[in-house]
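Record features (TrEMBL):
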- 1-687: domain 'Myosin motor' (DOMAIN)
- GLY87, GLU88, SER89, GLY90, ALA91, GLY92, LYS93, THR94: ATP binding site (BINDING)
- 550-572: region 'Actin-binding' (REGION)
Amino acid sequence: SSAAAVLKCLQARYNLKVFYTNAGCTLVALNPFQPVPDLYSVDVMREYHYATQPREFKPHIFIVAEEAYRNVQGQLEPVNQSLVVSGESGAGKTWTSRCLMKYYATVAASSPAAWSQDTVERIERRVLDSNPLMEAFGNACTLRNNNSSRFGKYIQLQLDRGQLLVGASVQTYLLEKTRVACQPANERNFHIFYQMMKGATDEQRKDWKLPHNQCFAWLPKCEKQIEEDSFHETVQAMVHLGINEERQRQIFRILVGILQLGNVSFCSSANESQPCDLDEHSEDFLQRAAELLGVPSEELHTLLRVRTLKAGKQNVLKPCSQAECGVRRDCLAKVIYGQLFEWLVMFINSCICADKSKWCNFIGVLDVYGFECFHINNLEQLCINYANEKLQQHFVAHYLRAQQEEYVSEGLEWSFVKYEDNQSCLELLEGNPISVFSLLNEESRLNRASDSKMLRVRLEKELGCNGNIVWDKFSKVPHFIVTHYAGKVSYQIEGMVEKNKDPVPPELIGLLQKSDNLLLHEIFIDKENEIPNNKGLSKVTVVSKFKNSLENLMKVLLTTAPHYTRCIKPNSDCRPLTFSKEEVILQLEACGIVETIHISAAGFPIRIPFKSFLQRYGLITKYSTSGRLHVDSDADSTIILQQEVERLLGVVLQHVSCDERRSLVHRGRTKVFLTQPMLDLLEDLRKKILCRCAFTIQCCWLQYQRRRRLARRQSATLIQAAVRSWLVRKRIHRWNRAATLIQNAWKKWRALLKSLAESELDDAMDLVEEDTPALKPVVGQRGSVQLSSFQEPVPVCGWPMGLALASAPSITVSLTATGFQKMISVMTSLNLPSRRGVYKVETNQYKQGLASIRAQPKGSVKLHYQRSPLLYADMQPDLKSDVTGFNEILLEKTL
């Protein structure tokens with residue numbers, strides 16, 4: 001079925017940690033029961049706010065907020081917007097409302113340039129700080145939810161002409177005052193009491209007369225720790241809203257006084273004509289309560305045990321029974337807390353509400369209790385479920401009927417589906433002249449004790465013909481069963497009339513008006529005429545007051561454009577990421593989602609405007625409207641679009657009969673209505689065409705890539721060849737330059753040697769030509785020796801460098817001899833002895849001595865040596881008969 005398909009879709013998305021899903025005009029929000037990082041950050045807010053088409057993003061609560069904000073910016077009627085957040089306790093309504101307020105406080109914040117810093121503080125921060133303060137006083141930890149709202153609220157965020165947030169106002173509905181004095185099993189009282197117990201300083205405890213070890217009857221489960229037990233955060237919110245320290249002290253003293261009052265208990269008196277006695281430890285508790293509430297303890301003691309009856313013009317004092325004393329104590333606590341909560345809401349409104357002249361539009365955020373069905377249901381559940389019935393009717397009127405009317409406006413012939421209309425249930429509860437509420441109010445106006453059995457009989461007699469109310473004939477407890485849109489609920493009649501009366505004895509009101517606590521005195525002086533009492537029962541009852549406030553709310557909603565968010569609780573145990581199909585399907589039925597699906601699926605659930613239809617599927621007929629067609633108010637353009645749509649549908653359905661075509665698709669006046677099979681057919685054809693186009697594009701692209709690669713390869717080859725040739729030319733050029741440099745250096749060096757030699761040697765003309773044995777050219781050039789060719793001793797010639805001697809081994813001699821010839825040259829330069837008669841080694845002078853005009857020196861001889869020639873001189877010349885050359889010179893100088 002369609003409901004099962006939706007359930008499967010929600011489960012699959014939930015398992016993927018996607019917690020928001022669109023269902024028509026409704027956003028379905030599944031509670032993850034764990035923090036989700038960066039899902040609600042300021043960056044995400046700005047991303048949705050600045051998006052051109054927020055709907056193209058994943059579903060999110062910020063999309064709903066942004067669409068409402070843009071509707072206000074567009075000034076399209078109705079300009080004012082309402083965001084309706086509903087769901088059962090623990091589904092996440094409070095968190096969702098908090099996110100919406102934070103979103104608007106961020107994106108619609110006043111500019112600091114246009115407003116002073118004080119004004120900015122007064123607006124955005126105070127609007128946000130109103131949340132934790134109201135949650136502290138109005139929320140409690142229940143079996144279903146750690147932060148369950150025990151009241152409903154409608155917050156109007158006021159915007160100026162520039163769509164900037166300039167203020168806000170808060171309206172509350174049906175605070176569960178009974179929780180102050182009576183907490184259901186395993187549930188807690190309001191958060192503020194636990195915050196005070198855990199966060200108060202020693203100085204505050206002393207002022208409140210609150211010892212550390214004191215326990216209170218009205219504070220069960222005090223040991224349980226939850227995130228909301230933050231006393232510091234509540235105090236900071238009070239400071240930001242302008243509640244000074246003295247006013248805070250008065251508030252906290254009142255709250256502790258209520259707790260002390262809860263510890264007062266009574267015991268029955270032996271004499272019925274005497275008032276009840278206090279329990280053993282109750283005297284001290286009563287004394288503390290009276291001191292904290294600022295009332296005389298004796299008078300409080302008396303008024304709790306004695307009631308005043310009017311007998312004509314006289315007052316008669318009548319002692320109360322033990323049960324009646326307990327009721328009067330509870331009544332006093334409830335009226336004090338209820339009026340304190342109303343004063344707090346009034347004070348918040350005075351702090352954050354802007355003057356009417358400063359704002360022109362608003363966005364409302366409605367956070368109401370979800371549908372409730374417990375084991376025992378009483379007046380509170382009846383009012384809560386009545387409110388949900390009214391909201392469901394509004395949802396039906398706005399969405400379901402609007403969807404069907406759209407078919408008519410588009411000229412579609414469609415048989416209307418019977419959807420669940422809860423009008424009969426509302427007539428049962430609030431109808432005139434006879435209804436459950438009217439009978440309940442009538443019973444409450446009677447100045448007598450209520451009889452639950454008589455009321456049941458009367459309900460059965462007057463309303464038995466209504467099919468939405470039945471009775472269990474086998475049940476002994478007086479009750480009635482109402483068939484709501486979300487299911488049947490059994491309501492217990494016992495105590496319902498008393499809760500509807502909600503009477504406050506006038507003597508208790510008079511006592512509180514005399515309180516020394518300035519805040520308490522101020523509250524009850526101002527509210528003197530508004531609090532119901534025994535004289536004014538006919539004026540106000542709980543049901544009539546709630547009904548009137550709800551009707552006013554519905555009037556506001558009917559003048560605004562609504563946006564629905566349905567919060568779903570995936571499991572009853574609040575376990576993270578755990579999905580219970582049975583519980584989710586019940587909630588989907590309770591919030592009207594299943595009915596929405598049924599109506600959509602029964603007709604044409606997919607509706608696409610002509611332009612969007614042609615832009616997506618126009619390629620089927622090889623026609624594109626993006627460049628030529630523009631939708632405007634002109635009739636011709638509409639006709640053109642209709643013709644193009646008909647042409648496209650004709651191509652798609654050319655082989656389909658007319659009857660089958662009418663069941664698949666319908667062309668309206670501005671939209672195309674499709675069924676799911678038709679949408680699948682269009683998507684399949686579009687996909688095939690896109691695949692062919694993609695294949696063609698791929699072929700062209702691959703061909704282009706190949707040509708491009710070939711061109712790049714050729715270009716690379718040319719570049720490489722050019723680079724290589726350039727590198728070779730560069731290398732050769734460097735070689736040429738190096739060779740030239742070496743040649744020049746060598747030539748310079750040779751020229752230098754030549755110049756040195758020429759400057760050292762005498763002029764050749766001064767030398768006497770003497771006959772010398774002719775040498776072979778080879779010997780003369782290379783300075784080598786050919787022993788086998790000469791019978792006479794062969795001189796070895798070594799070219800002199802500067803003024804040099806052949807017998808000096810360390811002088812630099814240019815020799816080209818190799819091998820044996822090299823050895824002969826070395827032996828010659830070392831002046832080694834040789835065998836006489838075989839060959840003779842002599843120096844290369846022309847004769848013995850020096851080949852120079854200085855051969856016959858008269859003074860000192862200057863020699864160009866790198867090393868001293870004395871190391872190689874002949875040290876024993878007398879042993880030789882033939883001393884020539886350098887030794888001869890040395891011998892002459894030393895002798």
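Keep in mind that glycine also has a Cβ here, set from the backbone N, Cα and C atoms.
Positions of TrEMBL features highlighted on the structure.
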| residue | record | contacts (Cβ under 8 Å, 6+ apart) |
| --- | --- | --- |
| GLY87 | ATP binding site | ALA29, LYS93, GLY370, ARG566, CYS567, ILE568, LYS569, GLN587, CYS591 |
| GLU88 | ATP binding site | ARG144, GLY370, PHE371, GLU372, CYS567, LYS569, GLN587, ALA590 |
| SER89 | ATP binding site | THR142, ARG144, ASN145, SER148, TYR369, GLY370, GLU372, LYS569 |
| GLY90 | ATP binding site | ASN31, THR142, ARG144, ASN145, SER148, LYS569, SER572, CYS574 |
| ALA91 | ATP binding site | ALA29, ASN31, GLY370, CYS567, ILE568, LYS569, GLN587 |
| GLY92 | ATP binding site | ALA29, ASN31, CYS567, LYS569 |
| THR94 | ATP binding site | GLU135, ASN139, ASN147, SER149, ASP367 |
Query raised in the report: What is the three-state DSSP composition of the region 'Actin-binding' (550-572), stated as helix, strand and coil residue counts?
Result: 9 helix, 8 strand, 6 coil
Query - Chain residues outside the region 'Actin-binding' (550-572) and at least six past its termini with a C-beta under 8 angstroms from it - result: 10, 14, 23, 25-31, 33, 61, 64, 67-68, 71, 78, 80-93, 96, 144, 154, 171, 173, 364, 366, 370, 386-387, 390, 394-395, 398-399, 578-580, 583-584, 587-588, 591-593
Query raised in the report: Other than GLY87, GLU88, SER89, GLY90, ALA91, GLY92, LYS93, THR94, which residues of the chain come within 8 Å of the ATP site, judged by Cβ distance to the Cβ centroid of those residues?
Result: ASN31, ASN145, SER148, GLY370, CYS567, LYS569
Requested in this report: Summarise the model confidence on the domain 'Myosin motor' (1-687) as a single mean pLDDT, whole number.
Outcome: 85
